[in-house]
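Trainee: Quick one: the structure is below, questions incoming.
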Amino acid sequence: AKATILLMPKFDINSLLALIHKHKVTIAPVVPPIVLAISKSPDLHKYDLSSIRVLKSGGAPLGKELEDTLRAKFPNAKLGQGYGMTEAGPVLTMSLAFAKEPIDVKPGACGTVVRNAEMKIVDPETGHSLPRNQSGEICIRGDQIMKGYLNDGEATERTIDKDGWLHTGDIGYIDDDDELFIVDRLKELIKYKGFQVAPAELEALLLTHPKISDAAVVPMKDEAAGEVPVAFVVISNGYTDTTEDEIKQFISKQVVFYKRINRVFFIDAIPKSPSGKILRKDLRAKIAASVPK
């Protein structure tokens, strides 16, 4: 088997669409920010994207709304999510949509664990294994995981326990059909009065607002609650009259009290890494610089 791989020097949505159109690309690995850019692009109709037959999403949780949007844009393509990390192979699970005999995919599912590995979910505080459908830290064990971090025994010891389980730092759960669902990064969870709030969940809701083209959620220190969720949003062209209260009310109607957005900051663009991941540390720095001590 053989295939041609197209590489882009940097991401630009119109360049991506033009490459697919020109070269009749068939397989597209994407991350959620690229899915967002595709779904929000006003120029999508200018390109023939019918050659796409497989869309694989990874790198971060893909919200149901974005997943549904992508399916609508590419009705003839197989769409699924996968999960993995460099330290472990890297592929750990893959959507059942890509199986030899495809199975209907549940929204948000990342598929089942690969055959040469074991997976379990543990309580991040106690290390005890958790039952199905209960969120905790994802742990993986198998011959494919790394031996350790080069010249960093301390980091290796924190990551791989005495029984050989690699603690991924990701929060997720396994359902009754052995499928994995990702919630968020453990270190990204916002701790509000003992409750845990996943930024990815709020970001997915924010992106359903018709006036928001991009969004990110990070914690802000709060004397009473410990931490509260705050949002950085990019407003779509033509909606400059959008207010902070409008966005806060939009979220409040859909979530329990401890997940409500405390503040909204308007920004020109969400800072992201070359792979499309949100640079949350940059946003936390903006908060530290703008909020009075």
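Any Cβ shown, glycine's included, is placed from N, Cα and C.
Small disclaimer: the values here were computed from a predicted structure and weren't measured.
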Trainee: For the ATP site that Swiss-Prot lists with Gln81, Gly82, Thr86, Arg185, Lys277, give the additional residue from the candidates Asp68, Asp104, Asp170, Asp175.
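Mentor: Site partner of Gln81, Gly82, Thr86, Arg185, Lys277 for ATP, according to Swiss-Prot: Asp170.
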Trainee: Rounded to whole angstrom, what's the largest C-alpha distance between any two of Gln81, Gly82, Thr86, Asp170, Arg185, Lys277, listed as binding ATP?
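Mentor: 17 Å is the greatest Cα spacing among the residues binding ATP.
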Trainee: Give me the DSSP three-state residue breakdown of the region 'SBD2' (82-149), ordered helix, strand, coil.
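Mentor: The region 'SBD2' (82-149) comes out at 6 helix, 24 strand, 38 coil.
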Trainee: Name the secondary structure element type, per DSSP in three states, that contains Asp170 (ATP binding site).
Mentor: strand
Trainee: Measure from the CA atom of Arg185 (ATP binding site) to the CA atom of Thr86 ((E)-4-coumaroyl-AMP binding site) and give the result in Å, rounded to a whole number.
Mentor: 15
Trainee: Could you tell me which of these binding-site residues, Gln81, Thr86, has the greatest number of Cβ atoms within 10 Å of its own Cβ?
Mentor: Gln81
